[in-house]
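Input: a single structure, listed below in structure tokens.
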Amino acid sequence: MTGRVSVVRGVAGAVVRGVAAVAWAGPVAAGAALARGSGCISMSAAGSRAAVGARPGASRAAVVNHAQTKMNAMLETPELPAVFDGVKLAAVAAVLYVIVRCLNLKSPTAPPDLYFQDSGLSRFLLKSCPLLTKEYIPPLIWGKSGHIQTALYGKMGRVRSPHPYGHRKFITMSDGATSTFDLFEPLAEHCVGDDVTMVICPGIANHSEKQYIRTFVDYAQKNGYRCAVLNHLGALPNIELTSPRMFTYGCTWEFGAMVNYIKKTYPLTQLVVVGFSLGGNIVCKYLGETQTNQDKVLCCVSVCQGYSALRAQKTFMQWDQCRRFYNFLMADNMKKIILSHRQALFGDHVKKPQSLEDTDLSRLYTATSLMQIDDNVMRKFHGYNSLKEYYEEESCMRYLHRISVPLMLVNAADDPLVHESLLTIPKSLSEKRENVMFVLPLHGGHLGFFEGSVLFPEPLTWMDKLVVEYADAICQWERNKSQCSDTEQVEADLE
């Protein structure tokens, strides 16, 4: 009887080991575990026989006691605990594997991929902008994850963000809307000694009080730039709408009004145009609308935009890279902003666009994507007949080829919001236009681009430094061109 109990115990241990091995290491390890178990079965049976046959002259009770002692010793062996320890180790290994995959720790660091045509301007930029040819090194632990970079940007903006001091300006638009922007004077002399103003358009529903904007403005001020930052219509919580309209994906009216104010107030200044995310679409569309919009513009920088809303809408409904989840979060934020201006947009006293109906407000409550909000509300602010027409007309893609000033387009390869298929647009443009350079680092997420050694990021990001470095280089390029032109003119006069 004791031998049978020991055999059953051995079989049970062997089965447990085999199941664990199949789950974590595959059939080969399972076979090895079962083999070890069969050895235990043999030894257990042999030990039981030895116990029964021990000391032939002893009484039956003594033999039973001896067998019981042997069986207790068998039950105290560390076979089952060893199996459970193996499962724990395998579980830890699985968790570590998931962490490595999610944090993308095996991804290398490298200089950004550059797409441009060989020209005097591109060669000068490569010499004058070290960040274009150096490795971008994100924080070691989490910096190679585009999701974490994007989440940190969205949640906290920047680390230890400064508070630059500026003046808020108000402009009354022709339709009664009140546009605002903040103006920040330079804190140092510019590297070429000129008066240069950065006109900045933030991302979707953003404004000058966002931390990433404050960080960039402070850095630009310290490098000799005046900064004018547009506050998207309806984005500031303490500024009421004065017309039944708010910012849209590609409306350039408010940005154009800010630029005209700067040109009129500072007639000697030159402009560097900067746009982040949705702002990148607006500034590129603005420059391409008419050639006069490019007057006094030295260069343009667009960071993390998607180029075509029509193409992006399909990818934004996909779960790949969690884009559908990001879509839901942004739609929820947009709903809150629109509903905070409910009376100005949907009130009974408001003269609404003819296509905007009361039922659109009820559809807004149930919207779970930006496309639904755009279709039911946003496109109707400007009288578009369909979502397709709205996206086609409001996207900068059809205007990019009209931009003649130096243009730098920046995206991150791991940006979870911008699908890789959209990056064919700037790549193709850079192959056809000498004034265009497309910069594509491996990491950075959406408007993240944090830098740091191991865990904690630096206050200033790679993106902030690159934009200012590029602007400095363009200013030097223009200064050299003017000096060369003056020299050639003097030589011509002497002849």
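Quick reminder: no glycine exception, Cβ is built from N, Cα and C everywhere.
Curation does not apply to TrEMBL; its annotations are automatic.
According to TrEMBL:
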type	residues	note
DOMAIN	197-452	domain 'AB hydrolase-1'
ACT_SITE	SER277	active site, charge relay system
ACT_SITE	ASP415	active site, charge relay system
ACT_SITE	HIS446	active site, charge relay system
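Each residue contributes its Cα atom, and for ASP415 (active site, charge relay system) and HIS446 (active site, charge relay system) these two points are 5 Å apart. For the domain 'AB hydrolase-1' (197-452), the model's average pLDDT works out to 94.
Within 10 Å of the C-beta atom of ASP415 (active site, charge relay system) sit 25 other C-beta atoms, taking all shown protein chains into account. Annotated pair HIS446 (active site, charge relay system) and SER277 (active site, charge relay system), C-alpha to C-alpha distance, rounded: 8 Å.
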